[in-house]
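Heads up, the thing below is written out as structure tokens.
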């Protein structure tokens with residue numbers, strides 16, 4: 001295995017030699033300032049630009065680590081490899097102005113060769129189909145193509161078969177493969193979470209980056225690990241650049257480290273009112289009868305908000321149903337206009353003292369009980385917000401009646417200031433966001449809350465957030481990571497005192513009075529999905545250019561490129577599924593990675609080799625001092641060994 005690693009290492013050094021003249025900074029022509037790239041940004045850019053035959057790369061970098069700026073740097077300097085390029089950038093439509101257009105306009109003077117395609121817009125995809133032939137015919141000795149795909153997991157998920165049926169996006173996916181692998185073209189994909197749902201997405205991602213080299217099946221996973229891991233890894237060497245300061249997933253606490261805020265997870269288990277529980281049970285029966293029952297649609301709606309006489313859709317057509325929703329929202333708006341809780345009641349509510357205080361206004365108590373009857377979630381969200389010392393983000397994917405529209409009335413009742421970042425606020429949301437992120441609002445004194453839907457779940461940065469509330473669960477951990485990543489980004493808390501550099505993540509899990517919960521069901525789905533996804537993530541994390549370079553930093557570079565052309569044409573060997581039993585004496589230990597001391601892990605140590613195992617797979621190796629003794633720290637009376645990655 002390591003013979004191939006060393007050859008790739010020689011190619012990396014070849015690229016570094018070839019690009020040593022490239023600057024490590026990029027000039028912002030609008031502000032007339034220079035931005036110095038981080039070492040990892042500069043390194044990945046030079047490898048991608050410096051190796052002609054490395055036609056594809058995945059930037060598997062955490063949220064907030066500068067993927068967009070790195071892509072713009074590559075666009076600016078790829079002419080060092082060849083003078084004439086067509087740049088095709090695939091993005092979500094909502095990310096066009098910020099960050100993409102703003103960043104490109106700041107650093108690149110001539111943008112005439114850059115074309116944007118929105119992969120979440122039918123008309124934009126039609127445009128791509130129309131220009132596909134002209135792009136294909138223009139690729140010759142005079143022109144080359146660079147394809148950049150932002151948040152590539154969004155594009156890949158649209159290409160995976162659903163119920164064994166081909167998706168509408170599949171023909172475009174095939175065209176991208178053809179264009180990307182045309183001689184001398186390049187493709188750069190970017191994502192903090194490149195796989196979101198299943199192994200099929202991983203195969204399609206690899207199919208885009210290195211077509212036909214592999215096809216992993218779920219039966220290749222044994223006890224949470226890939227069999228023949230090393231052989232599979234060889235087909236992926238150098239396929240990605242990997243950057244993560246904190247390895248923990250979205251559901252794990254982390255400490256403050258290297259500019260990233262501390263993260264603490266809180267679960268709020270709350271009980272619906274009898275009326276909300278009754279409607280929830282109706283919704284459950286409705287979901288089971290419909291084709292979309294697997295999406296748990298009605299239960300999710302009712303778990304958020306259940307107006308007292310709002311019944312399940314039944315036989316209403318869409319027009320009738322939407323008209324009913326408008327009427328109910330108008331009724332609820334009219335009802336809440338007269339609610340303005342007193343300061344005494346709000347203080348009692350914050351401190352969970354409503355039942356013990358005897359001097360509260362009866363009107364406040366009655367109004368509170370009615371609001372709780374409609375939504376235990378919104379009530380709990382208001383309590384969390386009122387107890388937060390600083391700014392709060394609230395994720396609510398539902399924009400209409402059972403979501404943001406009704407939630408805002410609760411905020412009005414409790415005198416909570418807010419802005420909304422959703423598909424309904426396109427004209428004003430960027431200005432509102434700038435005001436919310438303004439230095440004078442670092443503690444939320446002017447605007448306390450930003451409510452955001454999926455429109456703000458990726459590519460948007462929030463500053464100085466202390467609490468984030470998840471009102472409705474996404475379907476996978478990758479989306480959850482993106483959502484939480486809006487609040488924890490590199491240096492996002494630098495203007496707060498050190499003791500305020502934290503984010504509390506609140507999951508509100510609502511239960512009916514007979515202990516049923518769609519929130520808990522989806523949370524369990526997230527955990528089950530992530531187990532398989534972590535298997536292929538481990539594969540990517542074992543093969544990036546950084547690990548190979550660290551192993552062979554001082555090896556002589558090659559004279560000419562050869563290896564990536566060979567790897568792209570070498571298909572993975574058939575899997576050997578036979579069981580091989582090796583007996584090792586292992587000892588349970590607690591450890592952390594040297595580059596991520598915030599995440600504490602459990603493992604099994606082989607004292608003879610200093611290798612740490614997770615089940616039967618080596619995952620780390622002890623760091624030792626000059627006397628060959630393990631390096632460790634003691635925190636809270638726990639001995640924690642310091643390690644590096646095994647690969």
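Using the three backbone atoms N, Cα and C, a Cβ is placed for every residue, glycine included.
For 61, 62, 63, 64, 65, 66, 67, 68, the entry in Swiss-Prot reads ATP binding site. Neighbour count (other Cβ atoms within 10 Å of the Cβ, all protein chains): 20 for residue 66 (ATP binding site).
Annotated domain 'Helicase ATP-binding' per Swiss-Prot: 48-212, in sequence order. If you take every residue in the domain 'Helicase ATP-binding' (48-212) and average the pLDDT, you get 92.
According to Swiss-Prot, the feature domain 'Helicase C-terminal' maps to 378-541.
Positions annotated as region 'Binding to the cap-specific mRNA (nucleoside-2'-O-)-methyltransferase' by Swiss-Prot: 467-533.
The motif 'DEXH box' annotation in Swiss-Prot covers 150-153. Counting residues 6+ beyond its ends, the motif 'DEXH box' (150-153) has Cβ neighbours under 8 Å at 58, 67-68, 71, 89-92, 95, 100, 189-191, 193-196, 201, 205, 208, 458-459, 478 in the same chain.
Its Cβ taken as reference, residue 65 (ATP binding site) is surrounded by 18 other Cβ atoms within 10 Å in the chains shown. Residue 61 (ATP binding site) falls within a strand segment according to DSSP. Neighbour density for residue 61 (ATP binding site): within 10 A of its CB lie 21 other CB atoms from the protein chains shown. A sphere of 10 angstroms centred on the C-beta of residue 68 (ATP binding site) encloses 20 other C-beta atoms. Across the range of the motif 'DEXH box' (150-153), the DSSP-based residue counts are 2 helix, 0 strand, 2 coil.
Cβ neighbours of residue 62 (ATP binding site) (same chain, under 8 Å, six or more residues apart in sequence): 192, 243, 244, 245, 246, 485.
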